[in-house]
Amino acid sequence: MRDREGRSRGFGFVSFEDRSMVDSFMEHRPHTLDGRKIESKRAMPRDEASKPEGQLTVKKMFVGGIKEDITEDDLKSHFQKFGNIIECNIMKDKDDKLRGFAFITFDDYDGVDCCILEKPHIIKDKELDIRKAIPRENISRAYTSAPHNNINSEFYYQPQLMINNGTLPPLSYTYFHPSNYISKPIPLMNTTNSNSQANGLQPTTLFIPPELQPNAFYPTSSVRTNNNVQYQNGNRKKITNEQITQLRSVSDEQHRKLFIGGLSFKTTDDTLKDYARKFGEISDCLVMKDHNGQSKCFGFVTFTDSAIVDEFMKQRPHTIDGRQIDPKRA
């Protein structure tokens, strides 16, 4: 690959006639060209490559959708054909209850790449959610280094609203798996606010995604204290009651909203809505699409009452268009 001026960008692609040749090439690593050791990796399909973690080289992978009847031996038996497994752990809480996911570590990154390329993975009639596990020290490189106009841009939201206030309910769709690794695409903002620290508040960076941006009124680097004083870029500014009401209204909507992951490519707004309305009245339903109009395989459902969200979560697992979905509170 070359840039506009014809200079090499330091990487390229090779397509073989047969898949077995790729396997052989990977087995005979390391390779050296022109006196330089090259890094060879299996090319990922567009939907995987476009994820922030898609091009990272890792030996550990996240396995979601673990049910009670799936054991670590089941996982090892299924995934050992892709590489040598050195560790396999199904995660449990302090009460020894399953947390619904596991981590598998191979002795080589190619094992993880092979698992990604061979999706879907089904064990005991349950489709698993396979993703690269990213150590926290690599989050910045994976999620914040890429410009907004590149292939990863679909995972970056413009941070129109940012609040540093530990007392307000979250206004974000970001979430971490309860471990040292994260497996879901999340937008990050490496921003601090000295005023919040000076006033004894613990800063919590929050954001509003595009569909809620019309309701946003706080500019970047602002913080509200208990006496309704907003510090904006070091300047003291009083917040009106109308603004507070508006923020609370947006916050209330978050408690009525669900993130729906793991959707099938064929799932539409209507099919998602038809399924979700079985549990209660819906005020909004949206399947997210890329710039080509193709589904990103996730969406959002907003109910009219937060109690419906509670009921929806209690009734898991849910299956839409033959695929088990991954609902989470937004």
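Heads up, residue numbers simply count up from 1 along the chain you see.
Cβ atoms are placed via backbone N, Cα and C, with glycine included.
Residues or ranges marked as compositional bias 'Basic and acidic residues' by TrEMBL: 33-51.
Here TrEMBL flags 1-51 (among others) as domain 'RRM'. Averaged across the domain 'RRM' (1-51), the predicted model reaches a pLDDT of 87.
If you look up TrEMBL, you'll see 59-135 (among others) marked as domain 'RRM'.
Annotation comment: TrEMBL describes 256-330 (among others) as domain 'RRM'. Assigned with DSSP, the residues of the domain 'RRM' (256-330) fall into helix, strand and coil as follows: 17 helix, 30 strand, 28 coil.
Annotation source TrEMBL lists region 'Disordered' at 33-52. With helix defined as DSSP H, G or I and strand as E or B, the region 'Disordered' (33-52) counts 4 helix, 4 strand, 12 coil.
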Please list, for the domain 'RRM' (59-135), how many residues fall into helix, strand and coil according to DSSP.
20 helix, 34 strand, 23 coil
